[in-house]
Amino acid sequence: MAHACRKFFDLHMANKSQLAEQALHSIGGLYEVERHAKEMSDEDRWRRRQETAVPIAEKLHEWMLAQRELVPEGSATAKALDYSLKRWVALTRYLEDGAVPIDNNQIENLIRPWALGRSNWLFAGSLRSGKRAAAIMSLIQSARINGHDPYAYLKDVLTRLPTQRASEIDQLLPHQWMPV
């Protein structure tokens, strides 16, 4: 939902579009539901979304469809509307499951350093080296997501790996790892 919001935000900042302001107001309502449901269980969050967010999303979708018929083809407003309408199912998928966040900003922020450094890694030396670097980066980010210090995690895992039984190797994955 954050990407759709950004399209309307940029449109509003560029020319104070009232249409964009209306879209931002509705999208803001969806985020407001999430703020109130943040500490709820997944099931309670799903219920809250069904009661509160689904009607907002349905009205927003109807409004977008109606507005799209009124704006000229190729305009910035049409592009913002088209972006959201084309991705509507994906944008609202979070409404079906209380465990799914409204947007993927957290994950995008975690992978941003890797995306920014991508051009630097073109020179990893070989395809094999690149795959190894990708595996290590994946472990580092997974360790962070699971609340571990990546350095402590890798140091411990690399120390224990040679003596770890193959049947217990899963215990060294970031989501199961326990420091010794």
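Every residue number used here counts from 1 along the chain in the order it is shown.
Cβ atoms here come from the backbone N, Cα and C positions, even for glycine.
What you are looking at is a predicted structure, and each value in this text was computed from that prediction instead of being measured.
Here TrEMBL flags 1-131 as domain 'Transposase IS66 central'. Under the heading domain 'Transposase IS66 C-terminal', TrEMBL lists 138-175.
Mean pLDDT, taken over the domain 'Transposase IS66 central' (1-131), works out to 90 on the 0 to 100 scale. Counted with DSSP, the domain 'Transposase IS66 central' (1-131) comes out as 105 helix, 0 strand, 26 coil.
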